[in-house]
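The structure appears right after this line, and notes come after that.
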Amino acid sequence: MTFFTSSFIVLITCLSATVSQAHPGFNFGWGGHGGFGGISFGLSPDFYQFTCPQANNIVMSVLEKAITNEPRMAASLLRLHFHDCFVQGCDASVLLDDTAIIASEKKAGPNKNSIRGFQVIDEIKSKLEEACPLTVSCADILSLAARGSAVLSGGPNWDLPLGRRDSKTASLTGANQNIPPPNATLANLVKFFKRQGLDEVDLVALSGGHTIGVARCVTFKQRLYNQNGNNQPDETLEKSYYFGLKSVCPKTGGDNNISPLDFGSPAKFDNTYFKLIIWGKGLLFSDQVLLTGNVENTIELVKSYAEDEGLFFEQFAKSMIKMGNIKPLTGFKGEVRKNCHRVN
Ligand code: HEM
């Protein structure tokens with residue numbers, strides 16, 4: 001029995017080494033944890049080189065249409081990847097619907113009435129299933145859609161490691177506990193990111209994702225009317241910006257009214273987000289606190305990204321790759337879903 005097991009492992013190891021080198025699309029994902037015989041099988045940009053070389057083109061053509069139709073869609077798709085990765089890793093758990101045994105993450109506080117873009121993911125998936133059945137995972141689609149959205153909004157491009165597989169489970173509790181809330185202090189934001197293996201540099205760079213898209217009044221109302229329990233606005237809000245925000249976000253009602261996260265250029269991926277923070281015009285408390293939170297490191301980072309867009313783009317790309325590497329399922333773990341809404 002022992003002989004059989006070890007022979008089997010040796011056989012599979014040799015096979016996968018040969019197959020994986022010839023066909024990166026067959027990635028058993030063993031190398032990320034030391035692997036067998038020193039061979040590495042982590043995520044790789046060439047993962048679909050032989051099994052679905054047109055994958056990215058398909059993603060981009062659907063995105064182009066969707067984003068032309070509604071520029072905000074780029075922001076929604078970027079955020080979807082973030083909300084996926086922070087909950088049990090980048091495994092498309094966020095896309096699973098409720099069933100008798102799955103409590104969908106879509107119902108979690110940070111997601112409910114908030115995350116969007118599912119139809120676009122569905123359209124990409126159905127085109128990919130036509131071209132390369134059961135090959136490209138929903139988790140990789142989220143990652144490709146996030147990168148494509150940044151690119152099509154004028155942001156950076158990067159070599160995107162692929163080969164994630166899809167979970168068979170979701171975690172509603174994980175979604176409630178691991179996605180940082182907009183009123184978090186800087187110390188707490190750092191903790192949320194540390195829990196995922198991300199540092200302060202990643203926190204500031206990835207917060208730059210707020211260079212596109214919008215937020216609902218309910219997510220910044222506290223800042224306008226009662227930031228510290230004393231019925232006073234957040235004093236770090238610049239005055240004219242504060243008066244403008246009050247008109248879209250009244251003290252009672254209007255919870256779903258929206259305001260751009262970067263009102264200077266809400267559909268363009270640029271470094272205006274950081275400039276606005278310097279001017280006291282960050283929309284969320286979690287945006288402004290990167291500057292006012294009194295951590296020397298993040299203050300310096302905000303200033304340098306505000307001054308140097310190239311530097312921001314470079315770090316954003318690096319941090320996106322890092323975020324995309326949070327606990328991916330590889331090898332025989334998980335599955336490639338046929339339909340992103342449910343397990344096979
Ligand atoms: C640092 C901690 C973060 C907090 C506290 C936070 C919080 C929020 C909140 C409250 C909204 C508005 C949601 C709503 O109105 O329902 C939002 C929107 C958004 N977030 Fe974040 N976020 C964070 C980090 C990130 C990261 C890391 C990314 C991506 C790299 C990101 C990308 C976005 C985008 C693009 C939108 C706009 C979505 C749309 O218009 O549909 N956020 N975020």
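Just so you know, the numbers here start at 1 and follow the chain as drawn.
Glycine is no exception: its Cβ is also placed from the backbone N, Cα and C atoms.
Note: TrEMBL annotation is automatic and uncurated.
Computed from a predicted structure; not experimentally measured.
Copied over from TrEMBL, here are the features:
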type	residues	note
SIGNAL	1-22	signal peptide
DISULFID	Cys52-Cys132	disulfide bond
ACT_SITE	His83	active site, proton acceptor
DISULFID	Cys85-Cys90	disulfide bond
DISULFID	Cys138-Cys340	disulfide bond
BINDING	His210	heme b binding site
DISULFID	Cys217-Cys249	disulfide bond
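Secondary structure at Cys340 (disulfide bond), as computed by DSSP, is coil.
Cβ neighbour count for Cys249 (disulfide bond): 23 (other Cβ atoms within 10 Å of its Cβ, all protein chains included). Under a cutoff of 8 A between CB atoms, and with a sequence separation of 6+ in the same chain, the neighbours of the residue listed as 'heme b binding site' are Leu261, Asp262, Tyr273, Leu283, Leu284, Asp287. Of all Cβ atoms in the protein chains displayed, 29 besides its own lie within 10 Å of the Cβ of Cys85 (disulfide bond). Other C-beta atoms found within 10 angstroms of the C-beta of Cys90 (disulfide bond) number 29, with every protein chain shown included. Checking Cα-Cα distances from Cys90 (disulfide bond) against the recorded positions (Cys52, His83, Cys132, Cys249) with a 10 Å cut-off leaves His83, in sequence order.
Counting other CB atoms no more than 10 Å from each candidate's CB, the disulfide-bonded residues Cys52, Cys132, Cys138, Cys217, Cys340 peak at Cys138.
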